[in-house]
Amino acid sequence: MEIKHAKLKKWVHEMAHLCKPDRIVWCDGSYEEKAALEKEAVSTGELIKLNQSKLPGCVYHRTAVNDVARTENLTYICTSKKIDAGPTNNWMTPKEGYRKAGEFFFGAMRGRTMYVVPFSMGPVGSPFSKIGVELTDSIYVVLNMRIMTRTGKEVLEKLGRDGEFTKCLHSKADLDINRRLILHFPEDNAIWSVGSGYGGNVLLGKKCLALRIASYLAKKEDWMAEHMLIMGVEDPQGHVSYIAAAFPSACGKTNLAMLIPPKGLKKKGYRIWTVGDDIAWMRVDSDGSLWAVNPEYGFFGVAPGTNSKTNPNAMATIKSNTIFTNVLLKKDGTVWWEGGDPPVPKEGLDWMGRPWKPGGEKGAHPNARFTAPITQCPSISNRLEHHHGVPISAIIFGGKRSSLAPLVYESFNWQHGVYVGATMASERTAAQFGKLGEVRRDPMAMLPFCGYNMADYFKHWLKMGKKMARTPKIFHVNWFRLDEKGRFLWPGFGENLRVLEWIIERCRNKADAHRTPIGYVPKLDGLDLTGLNLKKKDLKELFAVRPSEWMEDLADQKKFFELFGEKLPKEIWQEYHALKGRLK
Ligand code: OXD
Ligand code: MN
């Protein structure tokens, strides 16, 4: 391949000088290349080929035992000034970052190949899209990037002789947690990740570029990079409304994005179209509305809990051409995980490669993943490749709250909606470090992903609202409210469409609501509950707004907002005090 981009060539050679690989291979994205890489990875044991008649094109991978999730404590924003990273990010100066990680990168690719992977986040050539080039010594990473992004020759052509790109350097090095760093250099448009092989740390197009670096670029360039799914809800008249929704990690974004309408609503004629399950890049288009694209091209989904009931579309998507990581490997060369489709296998090899039988330890790691091409999803939207994306009617924020937040409420306006997003919080699950059930504030589900000071991020949200001729309406949902016995009040999954139906009707000024201190809540008969056996008492509890509980939450919000000092936009405090006033 002839490389016309002089700066790119120079950077690749500088990084090779640092990492000292035996070879450099420029990836062209061809099918032949994929076959050859797979073959090599199978020969070294990095990948295991799965049963090709049952799971055609699928392979299996195990990460190192201490390398199974994103390491937020080793993730840094490296800016010249600490204030630019803000109080919620780990921070280093760029100089210190390059020096520290440089030591781990030095000679780390000896005996290995350095792959050069050009990739586009977003459809190649769309005004939304950004190009990155990842250098990596991991075939697993190359094969995952081929699914998660658009890669190869076409991207290099688009980059031309002097196009802008994010410089992404990755090495597994020795997979030592004490020599692991995930560093972002927004001022240099660069990412350095060393010492890990776990997706969220090493597929640098995803969290690192498409959220941390992109959020920084988006602020500079007046657009938005958000931790949001994008879905289209087609109503019985064939009108499709698009929704972008932010939830903290492991709160069911992938399931919601691929929802299958429950019987009652399917009869009415509803259909769901999936645009994306994790990241939305949004711009104000020439019509003054907010438009969104999914910058990714695949799903990197959590396997445990995924089955033909909770997410039939995901199950159909992962039948072929999928990389399974840290799941249970069955004797017949297929895979399984806790909360997967029955039957529970009688034996297998667990995610660490040890013989496994039911009844003991988990066979799959709770954060085991599938990497699958988005185009294989049965509910994929026909606007996936459209260079302007889809127009957004509603933005939804959500968290896991066992009390406090009602099933759904609507903000009074954009500024109040930004406050609702900024006060998002979620209870820690067993998968997270910290006290179980403890509330962690996670504004817009971006706490671990915002590449700059979150106070400036709130300011940016407020500013974007002013740029729009029509702002999407902003809602908050909570699928996780419990009754006094600790049971979920709401059935969730496909039934969530009943809430989405109300949201869409609100966007078209067709549904009634009840004004409460926190926002608009549906009237008791506001949702279509046909076919659902929900007790009136439970429904009331789902919609309940208790001022005393909200006053307690306000105290916690205050502590969080005070972290930002003078930098916090006055509009956020305005909304805070206005809510306090309404609660009294
Ligand atoms: C996440 C993910 O951790 O999407 O949020 O993988
Ligand atoms: Mn995510």
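Heads up, the Cβ atoms here are built off N, Cα and C, so glycines get one too.
Nobody curates TrEMBL annotations by hand; they come from automatic prediction.
Binding of substrate is attributed by TrEMBL to ARG70, TYR198, GLY199, GLY200, ASN367, ALA368, ARG369, and within the candidate set SER120, SER249, SER320 the record adds SER249 to that site.
Of the listed candidates (LYS207, LYS263, LYS266, LYS267), TrEMBL assigns LYS207 to the same Mn(2+) site as HIS227, ASP278. Checked against ligand 1, the binding-site residues HIS227, SER249, THR254, ASP278 give SER249, ASP278 in sequence order as having a Cβ less than 6 Å away from one of its atoms. Among the binding-site residues listed (GLY200, SER249, ASP278, ALA368, ARG369), SER249, ASP278 have a CB atom closer than 6 Å to some atom of ligand 2, in sequence order.
The Cβ of ASP278 (Mn(2+) binding site) has LYS206, HIS227, MET228, LEU229, LYS253, THR254, GLU296, PHE299, PHE300 as same-chain neighbours under 8 Å, each 6 or more residues away in sequence. The Cβ centroid of LYS207, HIS227, ASP278 marks the Mn(2+) site; residues of that chain outside this set whose Cβ lies within 8 Å of it are LYS206, ALA210, LEU211, SER249, ILE279, PHE449, given in sequence order. Regional average pLDDT for the domain 'Phosphoenolpyruvate carboxykinase C-terminal P-loop' (223-580) in the model is 95.
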